[in-house]
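Worksheet: the structure to be examined is printed underneath.
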Amino acid sequence: MIKLAILLLFTVAIVRCQGPFGPGCEEAGCPEGSACNIITDRCTCSGVRCRMHCPHGFQRSRYGCEFCKCRLEPMKATCDISECPEGMMCSRLTNKCDCKIDINCRKTCPNGLKRDKLGCEYCECRPKRKLIPRLS
């Protein structure tokens, strides 16, 4: 019975996909309006289901996902790739420089991937964390 309950909780946690935005969404989940891409393990925006006609398009959440509310002004032009540091790309989703995703990395890392000085993940596993005992 306990094994069945654990399996059920594990399955629901993966399917629900609700929680903080960012890499590792299979474990952490995704914010409302987005879904977990199991190939890249990153949250992606769900399509907007809205019958409103908005001349300037829909507003976006802080994560860059559109929701059913009209923009009052036209959207700013996207950033230019030349504005982004090396190793980053211009995201049409957020209009900001964002980390490139290495879709060829097939490593399964229990402690996650290492990050470079810009905070972008690269295809190398983080070492196991050393636990330091607390002094009471």
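Just so you know, glycine gets a Cβ as well, placed from its N, Cα and C.
Note that the coordinates shown come from a computational prediction; the quantities given were computed from them, not determined experimentally.
According to Swiss-Prot, of the residues Gln18, Gln59, Gln18 is the one noted as pyrrolidone carboxylic acid. Between Cys105 and the candidates Cys79, Cys84, Cys123, Cys125, Swiss-Prot records the disulphide bond with Cys123.
For Cys120, the disulfide partner named by Swiss-Prot from the candidate list Cys97, Cys99, Cys109 is Cys99. The average per-residue pLDDT of the prediction over the domain 'Antistasin-like 2' (100-125) is 84, rounded to a whole number. Counting other Cβ atoms within 10 Å of each Cβ, the disulfide-bonded residues Cys54, Cys123 show the lowest value at Cys123. The binding residues for heparin are recorded as Lys114, Arg115, Asp116, Lys117, Lys128, Arg129, Lys130, Leu131, Ile132, Pro133, Arg134, Leu135; their greatest pairwise CA distance is 32 Å.
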